[in-house]
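Record features (Swiss-Prot):
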type    : residues                                                                                       : note
BINDING : Arg129, Arg169, Gly175, Gly176, Lys208, Ile210, Glu215, Gly241, Val242, His243, Gln284, Glu298 : ATP 1 binding site
BINDING : Gln284, Glu298                                                                                 : Mn(2+) 1 binding site
BINDING : Gln284, Glu298                                                                                 : Mg(2+) 1 binding site
BINDING : Glu298, Asn300                                                                                 : Mn(2+) 2 binding site
BINDING : Glu298, Asn300                                                                                 : Mg(2+) 2 binding site
BINDING : Arg707, Arg746, Glu752, Gly777, Val778, His779, Ser780, Gln820, Glu832                         : ATP 2 binding site
BINDING : Gln820, Glu832                                                                                 : Mg(2+) 3 binding site
BINDING : Gln820, Glu832                                                                                 : Mn(2+) 3 binding site
BINDING : Glu832, Asn834                                                                                 : Mg(2+) 4 binding site
BINDING : Glu832, Asn834                                                                                 : Mn(2+) 4 binding site
REGION  : 1-401                                                                                          : region 'Carboxyphosphate synthetic domain'
REGION  : 402-546                                                                                        : region 'Oligomerization domain'
REGION  : 547-929                                                                                        : region 'Carbamoyl phosphate synthetic domain'
Amino acid sequence: MPKRLDINTILVIGSGPIVIGQAAEFDYSGTQACQSLKEEGYKVILVNSNPATIMTDTATADKVYIEPLTLEFVSRIIRKERPDAILPTLGGQTGLNMAVELAKSGVLEECGVEILGTKLSAIEQAEDRDLFRTLMQELNEPTPPSEIVHTLDEAYEFVKEIGYPVIVRPAFTLGGTGGGICHNEEELIEIVTSGLKHSPVTQCLLEKSIAGFKEIEYEVMRDANDNAIVVCNMENIDPVGVHTGDSIVVAPSQTLSDREYQMLRNTSLRIIRALGIEGGCNVQLALDPYSFQYYVIEVNPRVSRSSALASKATGYPIAKLAAKIAVGLTLDEIVNPVTQKTYACFEPALDYVVSKIPRWPFDKFESANRTLGTQMKATGEVMSIGRNLEESLLKAVRSLELGIYHLELNHLKELDKETMKKRIIKADDERLFIVAEAIRQGVTKEEIHEWCEMDFFFLQKIENIVNMERKVKANVGDMEVLREAKEMGFSDHYIASAWNKTECEIYATRKENGIMPVFKMVDTCAAEFESATPYYYSTYGDENESIVTERKSVMVLGSGPIRIGQGVEFDYATVHSVWAIKEAGYEAIIVNNNPETVSTDFSISDKLYFEPLTIEDVMHIIDLEKPEGVIVQFGGQTAINLAAKLAERGVKILGTSLEDLDRAEDRDKFEAALTELGIPQPVGKTATTVEQAVAIAEEIGYPVLVRPSYVLGGRAMEIVYRQEELLHYMKNAVKVHADHPVLIDRYMVGKEIEVDAISDGENVYIPGIMEHIERAGVHSGDSIGVYPPQSLSAKVKEQIIENTIALGRGLKIVGLLNIQFVVFKDEVYVIEVNPRASRTVPFLSKITGVPMANIATKVILGKNLVEQGYETGYHPEDNEVYVKAPVFSFAKLRSVDTTLGPEMKSTGEVMGKDLTLEKALYKGLVAAGISIPTHGSVIITVADKDKEEAIEIARRFHEIGYNLLATAGTAKSLTEQNIPVQVVNKIDSEDYNLLDIIRQGKAQFVINTLTKGKQPARDGFRIRRESVENGVACLTSLDTTRAILRVLESMTFSAHTMKEIAPTTRHEVVHA
């Protein structure tokens, strides 16, 4: 069937900000889909609220709207643009829910817009638990015994019949939000209540737990002619019971017999046909390891996290083809872009093993509940490819960037058998490592299997790794053993420590003895046809398939897995850098290991190496390719941290030199540079012992900001107000010694300003200055940023521009730099300088129209700013106002404190733009998921130091008609100022108290500032968590509260009594 000619304009709905459960995979699929539709000659309109992505670049679609993904705003765009159709299946859960909402509101019918890809009925059949169950019964496909409930009482009835454990799955939610496994009544009450709250239709499915079955996924495609194929099947190493986004996954499946494989394949194809999906779809199945009994767990009628993984694992571009199918093309008409010879109806074949390991945020959230269940907690993932499972798994472990080079964690060596048993039974993020540790300590595979039901095949593979460790240790210097260990994926780092040598020595020994990897191509067809993809992985074997060309090449290091503090913004900069390298006439080589991103799409660079970002793995590629140099400033801290090791090995680092990178990152050298340039900074010193830290803090005076040097995303930073807090920090947050000093600064309560600039060492061009709404002390990634700045005097702005130019020149920066200033009593101080791409590059590039990463790359390659048409100075400001607002994933992470501070906590960002600050803020807040009702109640409980500021805020809430609720202490200070307030009980009171008000949805906002002494037992922590669990906006910064007030005041009309007319006396009347 040829493509449809009755439609011209297609609206593509993006997936919005990055949250846990919906990360960069939709930037990748959305970008592919838009390009794919444009190739076919359609006019593409895109709406998405996330400014950090390639997808929202103006080149991706014909028209790009960065607006909130709400019914109100999307409807407005549909009425204005009048598209013929919308394609929602590439925008994740957000896109699907949006399509359902638009259809129900009647706007699609009113404007004559049809839904492409997956019909509305199919979305509802797959997402609505009741309809899905009915469909499965019609197809005679088994699902676990289950019951749809709308209330807690209905849940009790079901459990009486079926018994514990049961799994709770809320309808229409993302990444299992609100769901979980219940083993007893207490858990049932908590999880069902939370599930009903999170489901937009107040509906949960309760099903008998089949935890322990094998979890298998099939990624399938179907077209309008009913051709259907399996692109990839995957197996979770973790059995059913852990969310697939939190599971370690291998592809192709490793433990299925042919009969099992075909049985599940047929089921998957039968389901996609019954749903009538045209495009991609993901089917999750549970298989009893001891019989042929299986159950269908769920179906995602859209492109998903698994399809991004399947695309990268096979090389078969699912999203690109799903978009073509949506407009009527069929699989037998579409050429597979990888081989450029075969058609898309050939099922991919793999001659390698792929492993995916999730990347969790627990290194940032020490207190979070680490247990894994049916609710997803990972922020990102890594993928690696090898010729055997052991190699593939160990490469994935190295890719995680947790400073781990092997399947072992030192702190687990102390665990006794009982503790290991507990942690293996109840899965957490370290289970794989604990299993390896248990095998090392002689626990049998049978016992481990009994604890966690992991398949014996996988346990055997882990045992093979442990046996090889013993062999390596027993045969120091044996070349045959070295070769065997390398074939199994062992790192030089591990072998070096076992043989008591340095990593460089092991590398050199291997080189002398010819034990070096070769690079193999990913070609979708197991080398059956010739292939045109420059997409490679390393392994130890015979033939090298990566052909080095005559052209000069430049290598860019990517930023690895998405985690808090290092998000999709860095991938954006990486991709733009690669494009600029190609424009400059070089061959662009990229090294990265994140399957979700645009940068790991083989069509972006000239050569893609899917490898861990460790010194050993990167050096193998450099030895083969011999590039002109390596660019490290776009890969976040990951790449910067490799710079010194690369330079030691004689690799040329392009851009800012290593000495200058160090001058910006090393505290003492940086201070010296600032003093030399005459630029002020907050008083601060470096401590290498606890005693020193105490003395410094006494000298400069509390409050002080403490942090380790060389960090990203403000890890382990804190503001401390007195000595015992400082001691607590030094003991718990950091291990201080001469190599890892701790920085102690005077904390200034000032306005924070952020600047991004491009420097060629001589000229410095400043695209934009951003003002933060939250005062200094809240991490810049968690602050609301505003461009152009709204409250800076001309003098201060001038000072900021001068300082930026002086720093670019003085630090000899070549490429990008990002500076954070604090303005305190009208004086400008420098807090820090980052000599690399920052997380604001995409945002500023889009709003100023200055392609920062592109210009910076060309500067790095030797073309100065003047030659590119840019002068030293500040880019003219726009008359529109742009707001960048952070988005958090607290609902997914139990027991994490939501207070904002110097440690970054947000996972994503959105943008709001309009003609006034108030309107732009409104859009930014709404896009970030904060509802802004014009009336209601606000609970105010603040720390003593904030009482004065809170009075003015309370008065403004009262003026616009909000009802004020406060606990006794805060209420007293409000009453004294004649502000009417209703006193509510503190949370330790038995009677109706503050938490009850939040639980019953009777408060629209909660304003709660931190009382120091961060034990979770504190009232504040419980108030903040309760707000998150109940979807109430909880404001922990009075600056954010003021911003929301500005919006509310601009939306509501004021109501004031008339002025009294003063009585006039006769002689005041003037006669004409």
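Even glycines carry a Cβ here, placed using N, Cα and C.
Where Swiss-Prot records a feature, it is marked here on the structure.
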residue	record	DSSP (3 states)
Arg129	ATP 1 binding site	helix
Gln284	ATP 1 binding site	strand
Glu298	Mn(2+) 1 binding site	strand
Arg707	ATP 2 binding site	strand
Val778	ATP 2 binding site	coil
Gln820	Mg(2+) 3 binding site	strand
Glu832	ATP 2 binding site	strand
Top Cα neighbour of Asn300 (Mn(2+) 2 binding site) in the set of binding-site residues Lys208, Val242, Arg707, Ser780, Asn834: Val242
Most crowded position, judged by CB atoms within 10 A, among Arg129, Lys208, Arg707 as binding-site residues: Arg129
Span of Arg129, Arg169, Gly175, Gly176, Lys208, Ile210, Glu215, Gly241, Val242, His243, Gln284, Glu298 around ATP 1 - largest C-alpha separation, Å: 20
DSSP three-state assignment (helix, strand or coil) for Gly175 (ATP 1 binding site): coil
Glu215 (ATP 1 binding site), number of other Cβ atoms within 10 Å: 25
Binding residues Arg707, Arg746, Glu752, Gly777, Val778, His779, Ser780, Gln820, Glu832 (ATP 2) - maximum C-alpha distance in whole Å: 18
For Glu215 (ATP 1 binding site): DSSP state (helix, strand, coil): strand
DSSP-derived class (H/G/I helix, E/B strand, else coil) of Val242 (ATP 1 binding site): coil
Neighbourhood of Gln284 (ATP 1 binding site), C-beta criterion under 8 angstroms, separation at least six: Glu215, Ile216, Glu217, Thr244, Val296, Ile297, Glu298, Val299
Length of the line joining the Cα atoms of Arg129 (ATP 1 binding site) and Ser780 (ATP 2 binding site), in Å: 41
Alpha-carbon distance [Lys208 (ATP 1 binding site); Arg707 (ATP 2 binding site)] in Å: 48
Residue among the binding-site residues Glu298, Glu752, Glu832 whose Cβ has the most other Cβ atoms within 10 Å: Glu752
Spatial neighbour of Ser780 (ATP 2 binding site) that is closest, considering only the binding-site residues Gly175, Val242, Gln820, Asn834 and their CA atoms: Gln820
Between Gly175 (ATP 1 binding site) and Glu832 (ATP 2 binding site), the C-alpha gap once rounded to whole angstrom: 36
From Lys208, Val242, Glu752, Val778, Asn834, the binding-site residues whose CA lies within 10 Å of that of Gln820 (Mg(2+) 3 binding site): Glu752, Asn834
The one of Asn300, Ser780, Gln820, Asn834 whose CB sees the fewest other CB atoms within 10 Å, among these binding-site residues: Gln820
Residue from Glu752, Val778, Glu832, Asn834 whose C-alpha is spatially nearest that of Lys208 (ATP 1 binding site), among the binding-site residues: Val778
Average pLDDT across the region 'Oligomerization domain' (402-546), rounded to a whole number: 95
